[in-house]
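Participant: Take this structure first; my questions come after.
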């Protein structure tokens, strides 16, 4: 977007009645006759007053998509904890359950143990790449449609509009004196906001414990203080962030707008204002025909400020792409409506690539949207690789995992008959719902035999029987003894091989230490 | 910078810093941001009053709430002790052999035993019971005084040659000093040392070893056994080690053997029943037994 080179004349937002704060023109532009104002610098406050944004209702394609996204996302959020998933008799039947107390994550058919948390890392990388891909294709669609901050803010603004009326009414209400009606409206609005906030906070904790049980406890007022604390926390943040902070979250708290420009390029779909078609903007006089306007050097923008008034971030898209822009496209809906009314082609503000905009502006052929670009291909490939890795990992996810820790002190024990023994702490994670029996064998050291501390079994050449309770980690102390003649050097590889009764195998490579000679 | 500079496009003052032609605008902070900052300052002041905050030489401001991390720690330790009580009483009431059979008690005794061991035993016997010259390795299979859990329990309780009514061995008296006490002469000592080496197939003087066998049978076999299998193997509770072995408490080379035969050996272990309570000693016995050498 090329910024307008001339200083725009100070503009007035007519509906607001108050002048938007505009930068003082550069010193050279100030008319000499104007009375010298006090230097702006001295009057400058330490803080910037929050200019409250009053988004106006708008209808159109993008608004409809936004409503659909809101409905679908909220439905997912509230319904997901109630979806059941049969995992057998001794496991929870909640499809999505983050059981922190018992340190298990249940996600439909997936059941994660703490040591498998790398799947979460994979999911986060996948989400980040998805965000990059979506942004490189269509700008900040995440921010405009799917981000929780956007969804809940949208919901809150909708409530606000229901209770206090649309933009003009809300502004008048806020600027007017305190009356019983105004107080009533404000109380009602905040009550509904708080209700939504409580429902949001309440739904959140359903993800961490069995939802029907928790709901029963809630209804009987038996909720734990921890649960209450989290409901309170999420209620407060929902109420404050969606009710009051709104676009301030996106502008000041969120890091994403700060580096989104690294993700978009001239081939990304972004919300753009066709300044070559719109400028110079000026009000449409009734008597004026479009041909006369053209002749006067005026553009299609009739300076109606509808695009500014509907913007949830409170910006003027005609100033070009800005950090605050969340790419929701509501300004497009607003402008299209006006353009239709005045009989001009729509798309003065449009969702388009910069390449195409430049081409159209300079009278060239329209450039079709390039879906395949190096960066989109790269992001897609990376996502496929990671998603494939996660998928294969989940499909092959074992019900058995072993970990072996060799004793460091002493490194080895020499026995009276000259043989050498090493001790290992041996952990079996039985990730199934049944008690299981296993056979342990070692290989790699000639003549090695195994014994288990504390179980009273005799040393056996080669194998040992072990057991593990369902969904538990069993810990054994294992001794491996080998004749000195079988050793090759001070350290040699030793492989543990654990086989379950139903044939699942886990191996672990360790070492066997002995004297140097 | 004397003159404040204004950015031509936005009309905002710059901070006066410039990096590669980029100048930072001195934009004001949002109001809420500033307010949160003020709230933090207020919060810190409240904190100073409520909680211990300022050092005053040797003391400090105690704060109105009277909070103390040390007390919190003491409380946590007390809570932990209370949680352990159930197991400790159970261990005290259970015989040391039966602890091994109870999975819960075994796990508790093993975990406790490890920390007691590191506190009390590791200084001599090494971390993990690896031993040192003169201090037996507790993870191997040589036990001069018996390697069952009950034997280990008794050894820890009463020690070895320690001043305890029920101790093992005689206080201050161990292996006879055959050279120092004039029982064997220098030649005989050399011969019996060669004989012991020959038992382990390391003798270099077959003739001396032959003569040494007679010396051994007359002087050593009483304690160490006819076949040098050690006192335990012949049913004597005197702590005489087997001499056919790869493991030597003081060293198995000829010079050390000669030294041992000449001066005798009398290793001492303190009686721990005077210092540790019964549950602790039982845990230790279970832990040591499971270091790998238990029989």
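The backbone N, Cα and C atoms fix where each Cβ goes, glycine too.
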Participant: Pick from A:65-83, A:84-102, A:141-159: which range has transmembrane segment per TrEMBL?
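Facilitator: Matching range for transmembrane segment: A:65-83.
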Participant: With TrEMBL as the source, identify the stretch among A:191-207, A:208-224, A:259-275 annotated transmembrane segment.
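Facilitator: Comparing A:191-207, A:208-224, A:259-275 with TrEMBL, transmembrane segment matches A:191-207.
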Participant: Could you tell me which of the ranges A:170-188, A:227-245, A:284-302 is annotated in TrEMBL as transmembrane segment?
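Facilitator: Here TrEMBL associates transmembrane segment with the stretch A:227-245.
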Participant: Do you know which of A:29-50, A:117-138, A:315-336 TrEMBL annotates as transmembrane segment?
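Facilitator: Residues A:117-138 are the ones TrEMBL records as transmembrane segment.
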Participant: Can you dig out which of the ranges A:377-396, A:397-416, A:417-436 TrEMBL describes as transmembrane segment?
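Facilitator: Of A:377-396, A:397-416, A:417-436, TrEMBL gives transmembrane segment for A:377-396.
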Participant: Looking at the domain '4Fe-4S ferredoxin-type' (A:313-345) alone, can you tell me the average pLDDT?
Facilitator: 91
Participant: Taking residues 6+ outside the transmembrane segment (A:191-207), which of them lie with a CB under 8 Å of any CB in it?
Facilitator: 77-78, 80-82, 96-98, 152, 155-156, 159, 163, 214-215, 218, 227, 230-236, 238-239, 242-243
Participant: List, by number or range, the same-chain residues at least 6 past the transmembrane segment (A:377-396) whose CB is under 8 A from its CB atoms?
Facilitator: 109-110, 119, 122-123, 125-126, 129-130, 132-133, 136
Participant: What is the three-state DSSP composition of the domain '4Fe-4S ferredoxin-type' (A:313-345), stated as helix, strand and coil residue counts?
Facilitator: 16 helix, 0 strand, 17 coil
